[in-house]
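Have a look at the structure below before the remarks.
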Amino acid sequence: MIGSPLYSKPFLSDELKTLELQTAWGDIEIIGGDHEEYRIEVYPFKRGLFNLFFQERMSKAAFERLQFRIVKEGDTLIIKRLSSPRSWFDALFSGSQVSFRIFAPKNLSVKVNSRIGDVTLINIEGKHFIKSSVGKTTLKGVSGEVKTAGKNFGGGLFIQHCNGNIELHTSGGNVNVLSSEGTHTYSTNGGNIDIADFTGNLSVKTKGGNIKVNRLSGELKALSWGGNVNLRGMRANIAATTKGGNIKADMDELKEFLFLESSGGNVTSYIPQNANMTLDARGSRVKNYGGFHFNGLTARNQLNGVANNGGVNVTLRSRGGNVKIYEHHTSETRPTPARAKADYSSNAIVKPLPQSKATSSTPTPSNTSSTKPTPSTSYKNVKPRKKEKRDWKFKPYIPSFTQALYAFLFTVLFVYGLNSITYFTSELFNPTSLEAEQNKAVALLNLTTGLSSFLGVILFLTFLEQYIQPKWGKYLVLIGLTTFSFLVIHMVINGYAASQANPQEFWQYFNRITQPKDYYISSNLAYIFYGVIPSFVGCIFYAFWSRSTNLNRKISEQEYQLLTMEKLKTQAQLTALEARINPHFLYNSLNSIAGLIHEDQDKAEDMTVELSKLFRASTGRNNKSNHTIGEEISLVKSYLAIEQMRFGDRLKFNIDVQDSLNDRLIPRFLLQPLVENAIKHGISKIASHGEIKVTIQEIEDHIQIDIHDNGPDFGESVSGGYGLKSVKDKLAMIYGDQASLEISNDPIKNIQISIDKKHDLQDTIN
């Protein structure tokens with residue numbers, strides 16, 4: 001912000017949880033800190049017709065006419081203009097630029113909307129929503145969830161020391177992420193992406209820009225249309241694809257999979273010598289420079305087999321480029337540096353706020369005394385934000401002779417064509433030269449030539465292209481069609497001209513150009529030249545169309561491959577969750593059976609049968625990933641029957657399922673871990689009269705599952721246990737945001753699962 005604020009308003013409220021701020025043109029900066037008071041600073045400026053490139057401070061009267069208001073609705077503080085411009089275009093030409101800087105408690109959810117201007121969030125925790133049409137987005141020390149509406153046109157993204165679920169998009173701007181963690185998704189149309197020191201799941205996509213990642217742990221999905229991908233210090237699962245660029249991956253450690261693919265570029269990987277992997281490498285030429293113990297197919301353009309007895313799936317592919325595999329020695333491994341959490345709190349920027357009472361909900365001008373804070377009770381003078389200086393290192397670009405020749409031909413022909421269009425168009429509407437009629441004939445000839453090329457290409461693509469296999473055959477047929485179209489169109493036009501009793505003068509020029517003079521080639525060079533142009537243009541168009549179609553097809557294929565890999569990974573995670581059996585339950589059950597053998601052999605036999613049913617369901621031949629609610633309830637009953645034999649009269653259970661839901665498919669082992677959790681943290685803690693109740697019913701468009709026990713209330717550590725965590729992981733992997741799990745102690749102790757009925761599972765096989 002430039003200068004001192006026009007308004008500086010304190011606002012005290014402990015009940016506020018959300019801040020909504022909207023400005024048509026201006027920057028927004030929100031700084032969180034360890035205090036309870038809000039302070040709203042307003043910086044209004046005006047641009048007029050005579051000061052378009054300079055801004056002047058807006059007067060108080062002019063600002064009041066904009067009708068900005070502060071309104072409190074429940075736990076939400078809203079700052080907006082009563083009648084704001086409808087679009088960023090209207091905002092730009094309104095001339096009113098109003099920026100805000102707000103100091104607030106850090107536990108705050110933020111919703112900001114700036115059509116033109118930068119958005120900066122510092123040291124806040126919550127659920128945030130950002131909408132900015134034109135401007136830079138900066139996040140520092142932000143935790144929680146951050147999402148955006150649409151794309152930012154041209155503004156960059158700068159993320160530093162952030163943690164949580166972040167999803168941001170920009171059109172053309174660069175993306176920079178430093179020292180962050182969580183689940184992040186970024187995309188840009190044409191900008192570069194630079195990531196450093198990241199932990200978690202990262203998904204990045206750029207159309208034409210480069211991707212650079214240094215030191216990442218977790219999982220990376222990277223996609224670039226034409227740019228290079230450079231990865232260093234990787235300890236992650238990686239799926240990286242580029243359309244035409246090069247890929248270089250320096251792996252400190254392999255996790256579960258490594259997938260690198262380039263359409264036309266080279267693929268280079270550095271892999272630890274002791275890595276156990278299953279390798280599939282394909283390219284124009286594949287070279288292995290590592291000291292791996294490799295067994296399998298070795299060819300000039302392919303390596304397919306296992307290294308160091310097999311293990312991690314490693315796929316390296318290049319369509320047109322080379323694939324090189326080098327050895328990454330463990331001694332050269334660069335450890336990930338410890339990241340010191342930067343202090344972005346407003347306490348590091350300002351001094352403690354004065355404990356003043358909240359004033360009215362409309363901004364009031366700041367007095368002369370209030371704009372000069374005292375050292376002990378108010379904010380420090382915040383320095384005006386200066387434009388960041390970037391240390392650009394310009395490298396001279398020297399094009400090759402071929403590139404320079406292409407550029408020269410393109411620019412000359414493009415300018416020549418535009419000038420010709422301008423000249424002939426002006427002659428058609430306002431003839432001034434002696435050759436006006438001849439120019440009309442040339443203009444008509446150009447239009448008919450373009451029409452013949454268009455008809456030839458359309459007929460070829462619609463009816464013939466799919467039936468011709470060799471590429472030379474396609475071009476030969478296309479040349480024939482465009483030439484045929486050229487001849488037919490000119491025959492029709494010449495016939496029409498001949499039918500005129502008194503043809504205009506330009507028809508004579510047209511016939512002179514388009515009709516052969518004699519049988520000698522040297523006398524008809526112009527006619528031949530005009531006849532060749534449609535075929536030449538048609539071939540150029542088809543070449544670009546074919547390349548674009550193939551590129552889109554490759555993109556679709558590779559996106560499908562990434563989705564397939566993600567599905568296989570998810571399926572493996574689900575299988576691991578189902579296969580894990582609580583060892584304490586097995587230990588206790590076997591001890592109970594051993595004790596009952598001498599006391600009650602029939603009861604011991606029943607307990608053994610129920611235990612075998614439970615183990616058959618988890619480790620038997622049925623390898624389906626889903627089963628019906630009825631089958632899951634049968635599994636739960638077997639488990640509770642075993643526990644009831646252990647606890648005796650201390651445990652009673654009641655299961656109530658709506659009849660119409662018995663055949664509904666749900667993931668295997670969805671309810672059993674929750675019932676086990678109720679036994680462990682509920683029934684086992686009380687001496688008698690333990691009760692577990694399971695209810696499954698349909699409420700509106702959701703299937704609601706409630707599991708209740710009368711044991712002690714849930715503690716803070718229960719939500720982190722394996723049982724609840726496995727169920728949460730399953731719901732997240734299978735249903736996404738269409739299912740939820742809630743834990744409550746009030747009014748009764750209860751675990752509730754809600755599943756959207758529209759999400760219908762398929763009976764798939766692991």
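Using N, Cα and C of the backbone, Cβ positions are placed for all residues, glycine too.
Not measured: the values here are computed from a predicted model.
Taken from TrEMBL, the feature domain 'DUF4097' covers 67-325. When pLDDT values are averaged over the domain 'DUF4097' (67-325), the model yields 86.
Marked as region 'Disordered' by TrEMBL: 352-385.
According to TrEMBL, the compositional bias 'Low complexity' annotation covers 359-378.
The transmembrane segment annotation in TrEMBL covers 397-421 (among others).
Among the features that TrEMBL reports, transmembrane segment is placed at 441-463 (among others). Here the transmembrane segment (441-463) has Cβ contacts under 8 Å with residues 420, 424-425, 427-428, 474, 477-478, 481-486, 488-490, 493, 506-507, 509-510, 513-514, 530, 533-535, 537-538, 541-542, 545 of the same chain, all six or more residues outside its ends.
Proximity of distant same-chain residues to the transmembrane segment (475-497), defined by a Cβ-Cβ separation under 8 Å and at least 6 residues beyond the stretch ends, is recorded for 444, 448-449, 451-453, 455-457, 459-460, 464, 468, 503, 507, 510-511, 514-515, 530-531, 534-535, 537-539, 542. The transmembrane segment annotation in TrEMBL covers 475-497 (among others).
Per TrEMBL, transmembrane segment is recorded for 525-545 (among others).
Taken from TrEMBL, the feature domain 'Signal transduction histidine kinase internal region' applies to 572-651.
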